[in-house]
Amino acid sequence: MGRESAPRSRRPAGFGGWWWLGLGGIEPSKMTLRSGHFFSSFYLDRIIFVSNFEGSVLSSWWGPHVGFQARKATTERSKRPTKRVACGRVRLSARHAETARAPMPPPRRAGAGDTSAFFAATLVLWAVSVGFEIGARGRRELAAVAAGFAFFQAANTAVRAAVSRDPLFVNTAVSLLHSSLTSASVIFVLLCQWRTKGLENMFQHEELVGSSWIGAYSALCFSCGYFAYDQLDMLRYRLYSGWIPGILMHHLILLICFTLALYRNVTINYLILTLLCEMHSIFLHVRKLRRMAGFRDFNRKLVKLEWVLNWTTFVTARVICHILITYKLITDAHKFDKGIELPLALSGMAGMNVLNVSLGLDLFKAFARERNQQTHQD
């Protein structure tokens, strides 16, 4: 007896079947609050399954609300034994998953528009430079950079072993640790300086450019080691998107600015003031971890409090702080010596202010999206 065939469906010629798959637990990408894309292929039982992941990285956490269902429309087998190809689309079936909108991106090919090799090469050159300064030139004070890198790499290993093996979750958890430690250290440095020299004297041009507050140099070295670790972790697990990933470019600019300042021992206090924005980064990382854990009820008091703190620190610790630093650089421009300090500082702050505008727009879209999703559910 012949095998009964399934009804013919509309699909591209040459495709032997159609798969429909519903998966939950997709989380937003690390770089932005908008959904990204992740293209992958699987070879399963002589079937090549090509999928477009609407979202970024599949979280390793699977809650009871995640549904999984599949159906397959089969066709007659060909007389000649050939590999059958199926094309599918992953859809979100989780209760709180976001709606997918963007089209399928082209597959990522090694060497075809992939700039990861450039960022990896610059990271290697940076490591060689820092190692040369410490080993050959005896700059022992720069050992805190290597200590920061080792500390956050050890934290990554601990979170991966004890909590979750999802690269995005681990990276976000370590980033939260860095933001918390950096915010505490910067506030401690500022309070000590305020008690020592007073508020009027601590923001003089000579203090901000030519000297270094107590603990400021070590804190900057420690953060520099973190950005090197985070750059390596994102390159290793491809936690970025785009031909020129903004997060990798951001880390590269910070590594260049921080390292040159540490080598020349100038503008250390200016850079410490820029790190006040890490107070806002705390709530960005908390929000991402909360959503990855499945807590997306906008009406909860803790979620509303998180958004209040998110917006408050964004305006105060990021926007206002960076605008004041830029204003101080412009008004004291005539006091700088001829060199790269002023052009590098102004260009860096200009880039930070542009990024703040983009981040603010993304933050507003995420806030409106969560509120609208809760309204529809109610």
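Glycine residues also receive a Cβ, built from the backbone N, Cα and C atoms like all the rest.
Those TrEMBL annotations? Automatic predictions, nothing curated.
Residues or ranges marked as transmembrane segment by TrEMBL: 117-136 (among others).
Residues or ranges marked as domain 'TLC' in TrEMBL: 164-378.
TrEMBL lists 175-196 (among others) with the feature transmembrane segment. Outside the transmembrane segment (175-196) by six or more residues, the chain places 152, 155, 202, 213-216, 219, 222-223, 226, 230, 272-273, 275-276, 278-279, 281-282, 285-286, 289 with a CB less than 8 A from a CB of the stretch.
Remote same-chain partners of the transmembrane segment (208-229), defined as residues 6 or more beyond its termini with a Cβ less than 8 Å from a stretch Cβ, comprise 123, 126-127, 141-142, 144-153, 156, 174, 178, 181-182, 185-186, 188-190, 192-193, 196, 202, 251, 254-255, 258-259, 261-262, 265-273, 275, 328, 335-336, 341. The transmembrane segment annotation in TrEMBL covers 208-229 (among others).
According to TrEMBL, the feature transmembrane segment maps to 241-262 (among others).
Sequence-remote contacts of a segment are chain residues at least 6 beyond its ends whose Cβ falls under 8 Å from one of its Cβ atoms, and for the transmembrane segment (268-286) they are 172-173, 175-176, 178-180, 182-183, 186, 189-190, 207-209, 211-213, 216-217, 219-220, 223, 257-258, 261-262, 306, 309-310, 313-314, 317-318, 321-322, 325, 329, 345, 349, 352. What TrEMBL records for 268-286 (among others) is transmembrane segment.
Among residues of the same chain six or more beyond the transmembrane segment (307-330), those with a C-beta under 8 A of the stretch's C-beta atoms are 203, 208, 270, 273-274, 276-280, 282-284, 287, 342, 345-346, 349-350, 352-353, 356, 359-360, 363, 367. The annotation transmembrane segment is assigned in TrEMBL to 307-330 (among others).
The transmembrane segment annotation in TrEMBL covers 342-364 (among others).
Counting only same-chain residues 6+ beyond the ends of the transmembrane segment (342-364), those with a CB under 8 A from a CB of the stretch are 32-34, 246, 250, 253, 257, 260, 267, 270, 274, 277, 310-311, 314, 318-319, 322-323, 325-326, 329-330, 333, 336. Sequence-distant contacts of the transmembrane segment (117-136), counting only residues of its own chain at least 6 positions beyond either end whose CB sits under 8 Å from a CB of the stretch, comprise 111, 142-143, 145-146, 228, 231-232, 235, 245, 248, 252, 255, 259, 263.
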